[in-house]
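S.K.: Feature list, courtesy of Swiss-Prot:
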- 134: active site (ACT_SITE)
- 91, 133, 137: Fe cation binding site (BINDING)
């Protein structure tokens, strides 16, 4: 397994709309394993392929405290949404930035597992939020882009300042 490089906002590659996965081969299995390793190392709970510059519709997720409930969503699609909730989100592509985002409270998602087998899942709570957040990535949207223009500008300024300090 290998650690992958996580793209950081405002990298334009994060705005790429991912293409469907069509081939379920050993290379895909390796990509999935590498994404889990990268997500765990970065202490994340979800990672979309777009975030590691792999522009296919693939998400890995594990919201458990024990880190033992791996979930893989390939070609995911939200088919139902219900309710509304506000949750403070963070993102591995926007390190150190957290803000409240409005999302559906419950979702139903259709996807394929790592072997290509179709499944449906109804989710609420943190799982529903995480699914929506990661699917945004597959559609080229970063969570901060769901905030007001003023907040987006403040975040960009903060990130630029941080980048200068790290040089």
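Every residue, even glycine, has its Cβ placed from backbone N, Cα and C.
Quick caveat, the model's predicted, so the values are computed rather than measured.
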S.K.: May I have the list of same-chain residues other than 91, 133, 137 whose Cβ is within 8 Å of the Cβ centroid of the recorded Fe cation site, in sequence order?
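M.R.: Apart from 91, 133, 137, the close residues are 46, 48, 51, 89, 92, 93, 134, 136, 142, 143.
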S.K.: Work out the three-state DSSP category of residue 137 (Fe cation binding site).
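M.R.: DSSP assigns residue 137 (Fe cation binding site) to helix.
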S.K.: Give me the CA-CA distance between the residue listed as 'active site' and residue 91 (Fe cation binding site), in Å, as a whole number.
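M.R.: Rounded to a whole number, the Cα-Cα distance is 10 Å.
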S.K.: What count of other C-beta atoms do you get within 10 angstroms of the C-beta of the residue listed as 'active site', across all chains shown?
M.R.: 23
